[in-house]
Amino acid sequence: MLVSVFRNSTGAQSSPIMPGGGATPGTPSAKLKEKSMIRPKVVVALYNYKAIETGDLSLEKNAEYEVIDDSQEHWWKVRDNHGNTGFIPSNYVKEKELIGLQQYEWYVHDMSRQRSESLLKHEDKEGCFVVRNSSTKGLYTLSLYTKVPHPHVKHYHIKQNSRAEFYLSEKHCCSSIPDLINYHKHNSGGLASRLKTSPCDRPAPATAGLSHDKWEIDPHELMLHDELGSGQFGVVRRGKWRGSIDVAVKMMKEGTMSEDDFIEEAKVMTKLQHTNLVQLYGVCSKNRPIFIVTEYMRHGSLLNYLRKHEQSLSSNQGLLLDMCIQICKGMAYLERHNYIHRDLAARNCLVGSENIVKVADFGLARYVLDDQYTSSGGTKFPIKWAPPEVLNYTRFSSKSDIWAYGVLMWEVFTCGKMPYGRLKNTEVVERVQKGIILEKPKGCYKEVFDIMRKCWSPSPEQRPSFRNLKDQLVNVSQGILVD
Ligand code: AMP
């Protein structure tokens with residue numbers, strides 16, 4: 001369905017405006033007139049995109065495209081300025097009128113203070129900077145790396161005066177943020193350094209599926225590389241699709257899952273898209289074993305990452321809290337879509353470049369055939385992440401995910417310790433039934449532990465939602481850390 005020509009520039013459905021002497025509403029000539037009067041939606045590419053499948057269209061960063069069909073959420077049909085048409089991932093473009101700062105290399109949107117510090121330290125260039133959304137809504141922060149007197153990152157709030165001008169130092173005010181950045185590119189004007197460069201070649205986000213309406217992947221188009229690890233379902237290998245897109249390929253051990261049901265569900269799962277969820281690209285379902293193809297996450301499982309970097313992470317509570325907030329955002333998206341994870345734990349989250357953390361394997365537990373994993377009495381059942389109603393009645397809900405999330409927060413703040421140590425499953429069940437919970441991790445802020453405890457309320461109704469939890473965590477991070 002071609003809808004966009006009937007939309008106004010803000011994307012809202014337009015009401016036809018009938019000038020004096022116009023055609024009768026609803027007649028073909030009136031419709032033609034409406035079409036010619038209403039401006040088509042124009043979008044700007046935020047990233048380059050290389051079309052691989054026929055029917056898709058390549059995008060060039062900063063170029064403009066006219067939207068022909070935006071009736072599907074993730075893939076829109078657009079026209080470039082040479083008249084070529086095709087599908088593009090909708091998360092790679094932004095409506096021209098709403099683009100704001102997103103067209104600038106230096107703007108990193110809602111990257112946290114901690115992630116901006118990691119990014120700039122990794123770049124290690126004097127005067128390297130980004131502008132990000134401040135944790136106070138509507139405000140922006142400039143994060144700037146300097147080596148003087150020692151390598152560190154300074155954060156400056158971009159303020160506005162009574163004339164609505166922007167400034168970092170009151171002596172130098174500008175009418176827009178880009179003008180202000182431009183000014184400080186030439187004059188340090190009180191900053192620790194002049195603004196010199198910003199991180200380039202930042203990774204583009206994953207697309208919902210590898211192409212428009214595609215979830216079945218031809219295994220011959222996958223080049224398989226080294227093994228990334230192995231889990232409940234079998235071996236996971238790094239790969240490339242059609243020689244250009246990095247993927248992770250999970251080769252499902254035969255007999256471990258009800259494959260037909262999962263393949264049906266995969267069509268829905270490819271459409272779940274969020275910055276903090278590992279993107280499912282599709283499946284190779286024609287051969288056995290079936291392959292599950294997902295976004296590749298370069299630092300692997302969060303659990304291993306926490307254990308490997310314990311020394312540096314344990315002294316950076318802000319970074320740990322930021323990881324929890326990221327996971328909470330991904331879970332809030334699942335909650336909004338009435339999707340239950342059922343096996344949320346640090347081992348099922350992955351870490352990518354720029355310290356991004358994403359939730360993986362959501363909903364997969366439903367298709368496991370192994371009784372030892374699915375029944376709460378089984379040896380592989382994630383008892384230590386399960387609330388009383390799951391232990392007693394196998395009653396899963398977003399609130400049982402919340403309990404597991406509390407345990408996951410505990411794993412993060414202990415840098416990957418095993419919850420309840422060496423206690424046997426039966427002993428853990430006894431404790432949970434008696435209301436005995438995990439202890440506060442060493443060095444963990446009381447405010448953070450209080451949030452974990454709310455997740456472990458015995459009654460599911462008393463536990464917060466992910467949406468609510470996200471706000472609480474952001475408030476705590478504002479209270480105990482500086483933005
Ligand atoms: P799993 O079967 O999901 O438990 O995966 C087993 C291991 O493979 C994980 O612990 C990771 O180290 C690795 N792995 C799984 N998925 C990915 C991915 N998308 N990107 C990178 N590594 C992964």
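Just so you know, glycine gets a Cβ as well, placed from its N, Cα and C.
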Q) With TrEMBL as the source, which of 1-32, 129-160, 161-192, 417-448 is set down as region 'Disordered'? A) 1-32
Q: Report the same-chain neighbours of Lys250 (ATP binding site): residues 6+ apart in sequence with Cβ closer than 8 Å to its Cβ, ordered by sequence.
A: Gly231, Phe233, Gly234, Val235, Val236, Phe291, Ile292, Val293, Thr294
(Q) I'd like the per-state residue tally for the domain 'SH2' (106-199) from DSSP, helix first, then strand, then coil. (A) 21 helix, 28 strand, 45 coil
